Structure formats: structure tokens, C-alpha cells
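Student: Below are the C-alpha cells for one structure; questions will follow.
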């Protein structure tokens, strides 16, 4: 129930009393003390946390150095200079050596409810050691890049931890990306070895991962980058849901034969790679700033950028955010529904939970297969106490009605997390009242691939929450709001969300392109890291993230570049010009709305629209496919030729309050765009 708290203007939801009593941070007074120390004495604050982990060598230089001001020289961030450690050791060996080897690390829940497994810390350590040796036998060495294009199976955990163990840099590509997108990431990351699987069922759809990988490898070879080895997990034969015969194929296609395109000199089954390898593998002790992984995110230029995270600072930060944001305790069972192909899966499926010796659920399926009860069935099956999912899933589950939730117990739940995009108040309240029975804390976490971990978030035992607000900054994070001229906004107001100093988990560079790193994040406002998001601060100091300010879209938690989609559309021979904007969507939060101008004499037809959708699916991924394609006789441009996207966003929403049009070169283009507007677009979130 919402209540008033002395000193706060709006109604808030207080932390559950039972949760607050045993919380790591149990009051706002304690939060303020810890936060102040993290800002005023970062070496003391993070140095104390560092004692929880194993260091082969402690720091020998400055604990913390940085430069955020491009006018003063190269942008850089360093933490714990001179220290040596290993992420795999801290996730596995440290716990097993302390006597916790028999503890379950992961309950694996397959796409089919009948497919499940459990993996202890000791079992996982042994598998990681063996696969580490297999990678070494295949020629992978310290600092080499390895691409992982895999489903949510235990081998994905093993592969990423094995890379970390031998000092290799993993580059995980979400299994929903196309062969073109996979090839781009293999090429940019200079990966010579790819790990994949034969295929995966996502709901009732078969994703032929090996065939997609084969095509990506061919594309790489055509661009003078031969992939030397492809290691393939035999996933499909072990499932209850076997590949159907041709008569059962939903799309009428031929049965899937993974051996089609098999290259005996390049391809190797996972189990064959493990034959004869040793069970022992000493970790590669790496420097604090040694690269741990790169993860590609969309850029406003259309070319994905490899966000590079390093070892020690990222380790400190994801472990600490996991512990405090979810108020994790050893008796908890934790479930993050994200795919490891996204940063949420890196930080809060694998590294954060394992550094805290958590027992987690790893989920291969979807929320609606085989029925809309699946989430709640899994929560009851494993007695999940801390649950973390996306607003898109929450809104979609809302549509199934309260009864779908209420026919399941959910009594184990204590904390409900939200990730990937700002959550609208209506969905927040449903999550709290229906899923959590109004007795669970809701933590709406704001962060990015670039930040490594939560940067603005409530703490479940301490923070009075407001539906739709990410609330307060995490320890070590100093947010600010700036106007377009870079002037700081003090007190209540709205502007660019920036950060004035680094925390340990922030990215260090864009792989192979430090200039792009500086330009994208630091040169807009000297002295600040620019998130690309807007935010407002209310009278109580709470932060409300309002969404992207730059030319990016956030669709179901997937960050997409408008330029990337436009580039795919313009490849079609019948298209002369395109512009892509975000439009509100009642389930996804934002959706892709495309304005398309055809070449002279080309008709706007349903067939052309289908071809354009297919083009985007092939070039990027199915989740990037346009929701709306509108014919545009002309596009609104300034006299210098720049497309006025703010006007197009208004048109997509059906809003005729277009603001200042004094710079519009041809006012005559506006009315035809309203006339051709797609019906049903622009349904705002409440």
C-alpha cells in the first residue's frame, strides 16, 4: 500500500518490514552513510569489498585513477592497478575450496518443462577446467577473442568461464541474431574460434544455430577473415522435444540436418573436443585491467560497437550490485530470465550471482511456452525468492489476466526486479500487487551494457519506492542532469542523464576504436559520461529515466540503432530514402516505426512491405523487424538537409502539436505524412 513518508512529496511504497529486518542495507540512513563513503573515500569503500575475493597479487599502484575530460587528454579508467586475479577462480574455486562444492549453482530449466538438470559448483568447476584445457589444445591463448553463439544451456556457462580461466576474451552473440550480424561481430572482434550448438527450440520454433553459424563463417571468409575452428554442442538429441519429421515441420521445410555444411577440417563436436583432456587447469592470473569480455551493442552510426569490460573492477561491481540490489542471502534461490547474450545475462545470470555463491535458475524457454503459466510454474518449482525480468514480459503477462498468476503460490518470492527499459507505473503496480501480492519489494534497475551493472536502483530493504522511478544512485555513482548547453540542472528538472565519475564496473573502451569510445560517451559534455538517456529529478531527489535522447530505440529491452535499420531498408532497390523512429507500444515499451520513400514510379504495396521486413530480419534480427512501415511521399528536413526526427516521432504518435517548425524547408510534406500514418500506431503507455 502506498503511504506518505515525512520529508517526501509523493506517495511511496515502503520496503517490506520482514525484508528490511535482515537486509544488507536496512534503512535510508544506512544507505546515505554507505553512499557518502563510496563517494568521499572510494579506496576505503571498494578496498573493503575487495577483501572478499582472491588476489594473486594485491594492487601495487593507485587504487583508482581516471580522466573524463577529453579536453585534458585521453579518456581512461583504471581500478586496482597492479593487482592480479582470475574471474573463474573467484566464481568457482574459491567456493569449492571453502567447502561449498555440493551446493547447486544452477537449476537448468529447458524449453520443455520435462527438460531440466542441476549443476553444483564442484561439477561446474570440473567442466570448466576440462573445457579450458580443450580451448588451449585448440590454440586459444591469453588475450585471444572467442565468439560464443549459443542457446541458454550449461555449456554456455562453461565456455565463458573457461575463457575467463585462461585469460581469453569472450564475445557472446545473442542466439537470435542473423548470420550477417554474427559475421560482423566475429570480424570486428578478430575471433578465430566460434562456439555454437546444433540448434535450439525457442517455444515451438526451431533455431538452426549451426546453419546460421556456417553462413556467418562464409561471410567472414569472403572478407578475408578465416574462422579456424567451430566447436558445436550436441543439444537437440538430448531434448524431449526432438526435431520433427518433415510432415510435422510447421513451415513445411525439410528436416534439420546439422551435418549439412559440416567442414571436417574446421568443425568439431564439443564432446569430441573434450576427449583425453586433463581435469586439472591452473588459472591464468591476469592484471586488474586485463579484458574479460566484449559485448556488442548498437551504435548511432549503425555499426555495432564492442563494449569492452575488464576483470577486477567489473568483478567488484557486479558482485556488489547483485548483493545489495537483490538483497541476496545464501538461502535465496534467484532467477534472472535474461539471455546471457545480453549484458543482463553476463552480469546477473553468470558473474554477479556466482561471485556471491548464489543458487540460480538458468532458463532456456520463453514466458509463454507451453502456456502463459510457465513463469509462475518455474517460480514454484524451485521456490524462487528473487526474480528479475523485463517490463516487456511483465506487460505481456498482464494481458493474460490476474488469474493466470494467482492460481500459483508464489509464496517464496521476496524481491521482484525489473530490467532493460523504464517500467511504466501501471506495469510496476501490477507486478507489485498481483505477482508480489503487495508484500514484495520491487527494484526498478537502470543501467546499460556500458555501465556493467546497476547505476540507479532502489535497495529492497531500505528505499521507499515510487512506481516508474529508478530512485537513487548506487554506491560510487554520481549522476547529474545537464541541459543542451551542458549547464548542470540543480534540484527538480529534466535533462541529459550523465555521470561525473567512474565506478569500478564501467566499460574501458570500444574494442579496437578508442576514439569512438571518447566521441560517443565523453565529447558531448567534457568531464561527464553521457548515457544518451534523458531523465528528470523530482522534488524528493528521485530519478525518473525518460528514455533515449539520441537516435536509438529500446524495443523489448533490446537497444537498436535507427541508422542500422535505415541501412537495411535502403538496400532494397525500390527504396530511395528512409527514416526510423520509436513509437510507444503497449507491450514492448517502444516499437520500430519506419517512414519509407520509394523510388520514382515504384508503387507502395503489401509485397514491398513484406520484403522490407524480411530485409531487416535478415540483416539484423527478427526482434528488429519494423512494427509499422509508412509510405512517405517526402520527409521533413531542415534547410541544411537534416531529417527532423522529432517531427516524425510526433507524426508516428498522431500528435499534431509539432512545436517549432521555423527550420522546416518544406512545410508541404507534413499533411501527406499524417494522411498516410499507420492505423493503430502510437498507443501510449499509461
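Note that the numbers count up from 1, one per residue, in the order the chain is shown.
The backbone N, Cα and C atoms fix where each Cβ goes, and this holds for glycine too.
No curator has checked TrEMBL annotations; they are predicted automatically.
Note that the structure is predicted; figures quoted are calculated from it, not measured.
The annotation domain 'Acetyl-coenzyme A synthetase N-terminal' is assigned in TrEMBL to 31-91. Annotation comment: TrEMBL describes 98-508 as domain 'AMP-dependent synthetase/ligase'. The feature domain 'AMP-binding enzyme C-terminal' is assigned by TrEMBL to 564-642.
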Student: Mind tallying the domain 'AMP-binding enzyme C-terminal' (564-642) by DSSP state, helix then strand then coil?
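Tutor: For the domain 'AMP-binding enzyme C-terminal' (564-642), the helix, strand and coil counts are 24 helix, 27 strand, 28 coil.
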Student: Please work out the helix, strand and coil residue numbers for the domain 'Acetyl-coenzyme A synthetase N-terminal' (31-91) from the DSSP assignment.
Tutor: 27 helix, 11 strand, 23 coil
Student: Can you check how the pLDDT averages out over the domain 'AMP-dependent synthetase/ligase' (98-508)?
Tutor: 93
